[in-house]
Amino acid sequence: MSASLLQRSLSAVWHPCTQMKQHETLPLIAITRGEGPWLLAEGGQRYLDAVSSWWVNLFGHCNAHINQRLREQMETLEHVILAGFTHEPVVRLSEELAALTGHALGHAFYASDGASATEIALKMSVHYWRNCGRPAKTRFVSLAGSYHGETVGALAVTDIALFREAYAPLVRAAATVVSPDARAVESGESARNVAIRAAAALEAFLAEHHTETAALIVEPLVQCATGMAMYDPEYLRRARVLCDQYEVHLIADEIAVGCGRTGKFFAMEHSGTWPDFLCLSKGISGGYLPLSLVLTTDTVYQAFYADEVARGFLHSHSYTGNALACTAALATLEIFRDDDVLAANEQRARWLARAAEPIAAHPAVRHLRQQGMILAFDVDATPGFARRFHAHALAEGLLLRPIGNTVYWMPPYVLDEAQCAWLGARTLSALEKALAE
Ligand SMILES: *Cc1c(COP(=O)(O)O)cnc(C)c1O
């Protein structure tokens, strides 16, 4: 049965982010159950889901509380059109998220995936400036190495060479400015110095291009997809000031770093400032259902509020504000409150740091870094390291997918001390085997 399911998958399912031919040598894994941080495979193997199934799962698989809330919601209302209609879960979720921003961002617009949230923020920004009589502001600027999704509009602000090259003819590429990546420290410098230098480069860009620039889009504190590039929050403080000064929106893409990942609920909280647009997805539904949203300010909202249809925001998705997805998100926020998750994660992050100490001491390991529940390190290794490491990690019972030569942990918020230590030991073992091969 196992072989046939894998064969059927290979012939009928086109898997994401995958050169399908590689599955001639690396077999697919059929998962039959999820239990907390564990994935149970058809052959009986267990894998610790140390990447939260692409950064979405916060409280383990088959979480009893989210399951219960979804069952209740399913019996009353699964989905209803959100144009002209509303429902309790979408209203409550919007109110609770607004409250989490101290009502700085009190208006929520919904979609189903992260890339769509990026596109909504970009479109809203340009349309805002148009409504304000500034139609020339139609360009964007992002950080070197940025990742904001893979639809054609989101690719415009995504600076990943592989994607840029393949789809260049489709994309109206944004400008990029230097990243505040703390690995650029020179001797005697701190991460804050790097951030200040990068902010100076941003200022030079804005001084020249502000009349045609609608928005700066950033991944606050951690540029995840480029390889967990971490930076000092001083960059965000300065970017906020510069964006105000040059009348450019600040878009915070918190699709990966929101929902407690960096130690606070929103990564922007580390900077003490708010963006004009904040994108959320991935963890917001606890990893259960596709849901994304953009939070924005009253100033932006009011610029669209008018008699003319064309001044309104022209955007919709079929599943906008899906009642089940919003319920999963509400259940997720309940767990944050009831279990004081942010406080528990402080302890959990220390367990992860301790578990990584022997890894940091390995001679091939550089730049071991951590921001809350994300821990990463770079490896001096020969080409093909990521695939070799991934295969050895699976053999150790770990789901880990390095990005190039960067290995990272982004586990669900349920690991106990022993599981953190186990994760550390197995990662080191996979590392040694991948380097020896
Ligand atoms: C994953 C991700 C996206 C895209 O989300 P999808 O749901 O995959 O479209 C956008 N921005 C960031 C920072 C992400 O990590």
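Every residue gets a Cβ built from N, Cα and C, even glycine.
TrEMBL labels come from automatic prediction, so no person has curated them.
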Identity of the pyridoxal 5'-phosphate-site residue among Asp49, Asp253, Asp380 (reference: Gly114, Ala115, His317, Ser318, source: TrEMBL): Asp253
Excluding near sequence neighbours, so keeping only residues 6 or more apart in the same chain, what lies with its CB under 8 A of Tyr147 (substrate binding site)? Thr158, Asp159, Ile160, Glu219, Gln223, Cys224, Ala225, Thr226
Note down the number of other Cβ atoms within 10 Å of the Cβ of Ser318 (pyridoxal 5'-phosphate binding site), including every protein chain shown. 9
Those binding-site residues among Trp54, Gly114, His317, Ser318 lining ligand 1, judged by a Cβ under 6 Å from any of its atoms, are Gly114
Using Cα coordinates, what distance in whole Å links Trp54 (substrate binding site) and Gly114 (pyridoxal 5'-phosphate binding site)? 12
